[in-house]
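Asks: First, the structure itself, so that you have it in front of you.
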Amino acid sequence: MASRPAFLIVLCAQLIISSNSQNPNSKEVYQTPSDCKTGSSSTDGFAEFFNSATLKCSQCSENSTFQLQSTDGLSCICQPGYRYVKNFGGKNVTCQLCPNAVSEDGWECITCGGGTNVNTNTRRCSECPNERTISALRQLNGNLIDPNKQLSCVRCEGETQSNSDQSKCNRCSYTLSLRATQSPPAPERTCNCTTSEFALNGICYPVENRITGLDFAIPLENENPIQSIYLRNNLENVFYMCRYYSNITACQTLANMCMLTMYSGGPRRAFTAANTPCNLFALFNTETSLNELKPLVFVGDLNADDELERDDIEIEWTMDPPMEFPFLAGTFTLDGNFLGFQEIQGNFLQLCEASDNILNAAFVFGTYYSYSCQISASSLWDEVKYPLRFCEIYLRYISTESGSTETIFKIPVLIRNYRDSSNNFANRESVKDWQLTRRFFLVDNVATKTAEGQEAPHVRYAKSITLRVNLLPDTTEGRISVPYFDIEYDDVSKERADNNEKVQIDFQVTYEMSQSAYKEDFQIAIGTISSLGVIYAGFRTYVWSRRAGRITIDFPTLANLVFYLCGTLSNCFFVVTYGIAFYFFIFFKRQNVVYLVHLEGKSYEEWYILFVSAFALKCAALLHMIVMQCSADIFMVDWERPKGQPPVPHSTTTGGGTGDGASSPKRLKSSVSIWRTYFVANEWNEIQTKRKINRVLQIFMVIFFLVVVGFEDTATKDPNGEVNKGSDVYKAEQSPMFRMALGATVYLLVAVVQVIFFVFIYERFISDDIREFVDLCSMSNISVFVMANGEFGYYIHGRSVHGRSDVGMREMCDMIKREEEDLVGQRGLVPNTEPQTFLMALPKRLRQKYETVYMPVQLENASAATRGEQARLAGRDKSIDAYGTLNRFFCAFIDHSLRDIDYVVKEKTFLEKILDTEFLELADKGIFYNDNGHSFDNVLFYGNEMMLIIFDTLFFCVVDYIFTDYVLAGILTYLITELICLIRDIGGKKNLAKKTLVDERFLI
């Protein structure tokens, strides 16, 4: 039993050890190879390498005197002057000091001979002094040339010469081949150049073929041209090999060199003293024997506009189903080697980094693609990440003309940096001056080097690449003309790169179409509709002048004509711009075979100008409406008789009437309360800015549908009409035209639904404030007399059928009950009729009488403000007297009690109702026209809902156009509508107090 505790202790210990071995610590200190000691410093002690198994830095097996870190940081290597005893990688390395030098492979200690010396830095032997010799340690069979391991310089004999690093003798095949092509063939069989030859890159060329005056300049955008060491070393050689010896790779290299100079000089320059690569390339134009060898880097003999208008591409492009451009890229190395064809996908042409879904969206037909980024300028010097490659783009498709065979079409390139023979940027001028080419590069970090073994002082890169696609004119079959790549290069200096500058990169795809048919339709539409608008504005001005009593064309008439023009033209422009935007939005998104793309250029600018003009004109029209409403003449006619007193007889001046005052100097004390008039005036004040829509609900619902539901995602310039697109899907830029169409449509639909609900449901079954105001007037025994123009206005007949309304609660309830039981007469102005509201065409004498009483009071009140309290009290008394006089006058007029001023009640003809005018000329009698029950709302916001909705819609769309933000547009639209209501409310309140002679302090 005593052994059981010991057994348990041992078992627990084993479990703990097993647990630790099976579950090592998963947390490690983060290290990279750059964190390890390199051994280059005397303080390092031991060099370190990065152990990829433990992800930590590990010490080398020997101290930093013997070993240092490798260039990749993943193993240890021997210090210069030490040879390997063993080397199995990592820390399993042993080194030994060599007394003289170390062999190139690092495994042997040797001595330098044959004229070579020890390099004190690398502890290796220098190159052999004679270029015809090579450095050798062993024979071909592996035996040492010198038993003491001395490095020897061995001469290349016969038809051989040393290679570039002097490690091997190679046959001088090019030189021997050139001699064999001479007539007669040269007899020399050595690699040494004769007196009739000259050496170039280890090749002997005939002296008679030599050219001079070569130009090795590489143009830069931000600096002066630089002399390229690559061109200096290779231009003359590749020219000879291409022209005289038909070497295809050399011809491709020469084409690359021409591109490196941005095709400077063009395809047709003559042989001059300054021989650029393109100059040399142009020498081949007259040599038909080189046609099969010369790359066609320049596009044909056609003008650029003719070339780009060709209809050779036999593809019917569709958006449903979506199609992608089947582009191929033929790529070449700097030295002219063809690397093959490659499909253009991902970041092959785009220097920006993003997901393949986003980058590949550039080549989905119909997608207006735009992607920009900033990359580190210093990264452009990385020749592994950005190798210098030359590309030619082809479009691959099945040709029906050639028997349904697969065909490739060469896509032209427009280099904006191209300079013509006059050193002008021809590709930045009109299209007829363009020079189209075929070959281009993305990054040049090699040809800009000015010296061997040094980094390039500048790097050139494709700053902007744009694929431009044009539909064939009047196409209905989805055909396009020749697309082309528009490329602009820029350069960055090493100094700027070392300062951590970034460079901007842009890649775009645009589409255009012939707009001749659109322009014609646009001109017809705007001309026709605007002409009708001008005619209608002239007609409304004529109607206004008749209603205002204007006999001649004066300044107010012309001013009103201008504002009516603003209103009608604004509506016309809105209809045209909204119609165009809606048409392009719907048909662009829903087309199958492509025949329509987004408006661009001047046509789009014209649409935008018309759209902004519609808003500006609508602002002027709205201001005119507010001013007209805030200047209308309004008077509250009180029909109540004083209690306990007989009616006051009409004065001879007014023809009689009832009121609360008298014309005699001795005033009778009236028992009629003014509070009913104040109450009606306040109710009128409240309904002045009432609208048929709820402004808060309007903005909320618009933003809900556009932003929350995601309708705004459909306004992108691509065929994708989905809402709430995912983050992994490319979203093309938002089209301001599409956003205007979408925003206006949603805003108008929400407003129309609100108006329909308000008019047909809310007003009918819940509450109708306008008609309730008429009922209030009847119960208050108050009529409202509104003169919107000098001789035209609106009348609300509020005379109580009970004869009075200044009663107590019980009497009021009894009066209402009697009316419900039809025990009293009807409320209408004409006996036994219901209509209480009328349009008034007033005689001139009524207007004159009104102004005779009203104008002196207004003048007195205007001057009383500056003359002290006594003058203000006198003005108040005159206002009270004027109120009583006007009240009696209007009562008498309505009661037909005036001998020389009267009216008749009539129905408008159908045409008068349609045109909103009156055809009858007035003599001494006015005319009261029966209306729809609320025609007086024309002097309120309620009766001008269409204008207000269109203004709100235009303002919403204009704000969104500026900020591309529906939420901000909704907020600002709500604020501006509130501001307009506030302005109208303040102006209407002041006008009501001024015209009704009601003290403004009682208007709440």
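Heads up, the Cβ atoms here are built off N, Cα and C, so glycines get one too.
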Asks: Which one of these stretches, 141-164, 645-668, shows up in TrEMBL as region 'Disordered'?
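Replies: Based on what TrEMBL states, region 'Disordered' spans 645-668.
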Asks: Ranking 522-542, 740-762, 946-963, 969-987 by Cβ pairs under 8 Å to the transmembrane segment (607-627), which is first?
Replies: 946-963
Asks: For the transmembrane segment (946-963), give me same-chain residues lying six or more residues beyond its boundaries with a C-beta closer than 8 angstroms to one of its C-beta atoms, as numbers and ranges.
Replies: 567, 570-571, 574, 611-612, 614-615, 618-619, 621-622, 625, 691, 693, 698, 702, 736, 739-740, 743-744, 747-748, 751, 969-970, 972-973, 976-977
Asks: Quick one: do the transmembrane segment (562-587) and the transmembrane segment (522-542) reach 3+ CB pairs under 8 Å, ignoring pairs fewer than 6 apart in sequence?
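Replies: Taking Cβ pairs at least 6 residues apart, the transmembrane segment (522-542) and the transmembrane segment (562-587) are in contact, with 3 or more under 8 Å.
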Asks: How about long-range neighbours of the transmembrane segment (693-711): same chain, 6 or more residues beyond its ends, C-beta under 8 Å?
Replies: 723-725, 742-743, 746-747, 750-751, 754-755, 758, 945, 949, 952, 956, 966-967, 970-971, 973-974, 977-978
